[in-house]
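These notes concern the structure reproduced below.
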Amino acid sequence: MTADVTHVPATHERPSATAGALAGTGQLIRLALRRDRIVLPVWALVIAFLAASGASAYEALYPDPAERAGLTASVAANPSFAIMFGPAYDLQTAGGFTAWRFGTIAALLTSLIAAFTVTRHTRQEEDTGRQELLSAAVVGRYAPLTAGVATAGLFSVVTGVLLTAMIAGVGADVTGSVAFGAAVALCGLVFTGVAAVTAQLAEYSRTANTLAGSTFGVLFLLRAAGDTSEAEWLSWLSPVGWVHRVRAFAENEWWVLALPAATTLVLCAVAYALLPKRDVGMSLIPGRPGRATATPGLRTSLALSWRLHRGALIGWIVGFAVMGMLFGTLASGVSDIMGDSAEMKQMLQQMGGARGIEDAFLSSITGMIAMIGSMYAVQATLRMRYEETALRVEPLLTTGVGRLRWLGGHLLFVLAGTAAVLTVCAALLGVGYGLSSGDVGGEWPRVFGATLAQLPAMWVVAGAAVLLFGLVPRATVAAWALAAAFVLISMFGPILDLPQAVLNVSPFTHVPQLPHAEFTATPLLWLTATAAALVAVGVTSLRRRDIG
């Protein structure tokens with residue numbers, strides 16, 4: 001006897017190919033936002049606060065039309081200002097001054113952070129093998145890329161909104177504020193698309209970031225060439241140039257915003273078209289196959305460290321060489337763009353006249369250079385952690401290379417590399433200032449020494465990163481947050497009138513403000529000792545913990 005079984009057809013519908021390819025996107029976006037819940041909001045606030053602080057200081061610096069006309073004439077007469085900050089369309093208002101002075105730096109920070117965010121949530125996940133595990137479960141092929149683009153895009157938009165709100169909040173024209181915020185946000189979106197493409201092309205996350213950063217550098221130079229020559233059309237080829245071509249607070253050319261918007265869509269479309277053409281963990285530009293045996297110059301741990309660090313180190317040195325020359329050239333003309341108000345005259349007298357204001361500018365520039373340069377130290381330290389998590393350190397140690405020997409090779413490039421970056425910048429800062437002031441022999445040693453005085457503070461940042469790597473390896477990435485905290489305290493602590501105890505947390509607040517202030521060796525010795533102690537604790541901790 002058999003049972004009569006009635007088969008009921010299944011009512012489930014297979015999800016569409018598009019839905020399957022995007023499966024898990026929402027969860028990945030929430031995960032990305034959780035991972036970056038501190039870093040991205042802090043950077044958005046820093047960018048907006050920088051621009052708003054410039055707008056709020058404008059009225060005090062240039063209180064009447066005559067001084068603003070003098071500012072306009074001085075800026076127009078010095079091509080270095082156009083190279084560094086872009087064209088000035090309206091220096092008669094606080095908003096126009098802000099768009100000129102902070103447009104490029106806001107675009108730079110927003111674009112690079114957006115690009116690095118995309119890489120962090122796409123190519124870096126493939127480097128570590130996590131994406132392959134997720135792809136084997138419920139995550140669609142396009143979900144990680146969509147999550148990375150969405151997170152970086154949200155950061156860019158929020159940064160633009162904060163820029164608009166904070167600049168308008170200090171009294172700038174609302175319409176111009178919206179135009180400026182939108183221009184910066186869209187520049188960030190363009191480089192979100194750039195990073196989405198480089199993540200498909202590059203084999204590793206650091207290569208993808210290098211390609212995205214190099215793209216910004218090339219486009220910045222393209223904009224600078226267009227703004228300082230008769231070939232103005234070159235500036236129209238650069239998204240960095242579009243930020244200025246919007247002419248925020250002047251004509252407010254809204255149609256220009258269509259250029260970065262369209263470029264973003266095209267770049268994202270290209271990234272999505274390239275994605276299925278490669279396997280997870282692979283790239284469209286494959287790495288060169290390795291040699292069967294190492295070359296004679298690659299048979300020591302030190303040589304291997306050089307191979308791993310050389311790309312980043314050379315890039316930083318070249319970038320800081322350009323920065324030093326530009327800022328050195330600008331310094332000699334900074335007194336010309338200061339207003340003639342009673343407050344400014346009094347400040348000039350207190351600083352020792354034009355020479356005093358130039359020295360004050362140089363001291364602030366050397367501090368800024370050191371803060372930016374300390375990021376190299378963090379990046380170089382994180383390279384050690386990257387090698388460890390990629391499981392390349394343990395096999396190396398089995399070949400007879402001791403931990404101290406391996407670590408020493410990397411520390412050489414963390415500490416000496418930081419010194420090399422600063423030294424090159426200091427040399428060219430002195431050359432630029434000496435040439436523009438007409439006294440290279442007299443000014444170069446003074447400016448060179450003032451810049452090198454920042455090195456102990458940079459080493460403290462490096463030491464803190466090494467300490468985290470040795471003691472709490474999983475928290476090594478927190479070195480970025482620590483470096484950012486030092487920068488925020490140094491830049492905004494005096495403005496916000498923070499207690500001295502808080503200001504003392506940053507190593508940069510202990511460096512004598514040379515060449516404006518008198519040289520004092522004691523704080524530099526203490527900073528060097530602190531850096532040495534941090535490195536020593538980090539090295540000792542690494543010797544006692546497991547690798548991997």
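The backbone N, Cα and C atoms fix where each Cβ goes, glycine too.
In TrEMBL, annotation is done automatically, which means it is predicted and not curated.
Listed features, source TrEMBL:
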- 38-58: transmembrane segment (TRANSMEM)
- 99-118: transmembrane segment (TRANSMEM)
- 139-172: transmembrane segment (TRANSMEM)
- 178-201: transmembrane segment (TRANSMEM)
- 208-226: transmembrane segment (TRANSMEM)
- 254-275: transmembrane segment (TRANSMEM)
- 313-334: transmembrane segment (TRANSMEM)
- 360-378: transmembrane segment (TRANSMEM)
- 411-435: transmembrane segment (TRANSMEM)
- 447-470: transmembrane segment (TRANSMEM)
- 477-496: transmembrane segment (TRANSMEM)
- 524-542: transmembrane segment (TRANSMEM)
Same-chain residues at least 6 beyond the ends of the transmembrane segment (360-378) whose Cβ lies under 8 Å from its Cβ atoms: 312-313, 316, 320, 323-324, 327, 330-331, 334, 351, 414-415, 417-418, 421-422, 425-426, 429, 433, 447, 450-451, 453-455, 457-459, 461-462, 465, 479-480, 483, 486-487, 490-491, 508, 511, 513-517
Contact between the transmembrane segment (38-58) and the transmembrane segment (447-470) (at least 3 Cβ pairs under 8 Å, separation 6+): no
Among 178-201, 208-226, 254-275, 411-435, 447-470, stretch most in contact with the transmembrane segment (139-172) (C-beta, under 8 angstroms): 178-201
Range from 208-226, 254-275, 411-435, 447-470 with the greatest count of C-beta pairs under 8 A to the transmembrane segment (178-201): 254-275
Selection from 208-226, 254-275, 447-470, the stretch that has most Cβ pairs under 8 A to the transmembrane segment (411-435): 447-470
Non-local residues, at least 6 beyond the ends, that sit with Cβ under 8 Å of the transmembrane segment (254-275): 141-142, 145, 149, 179, 182-183, 186-187, 189-190, 192-194, 196-197, 199-201, 239, 242, 245-247, 284
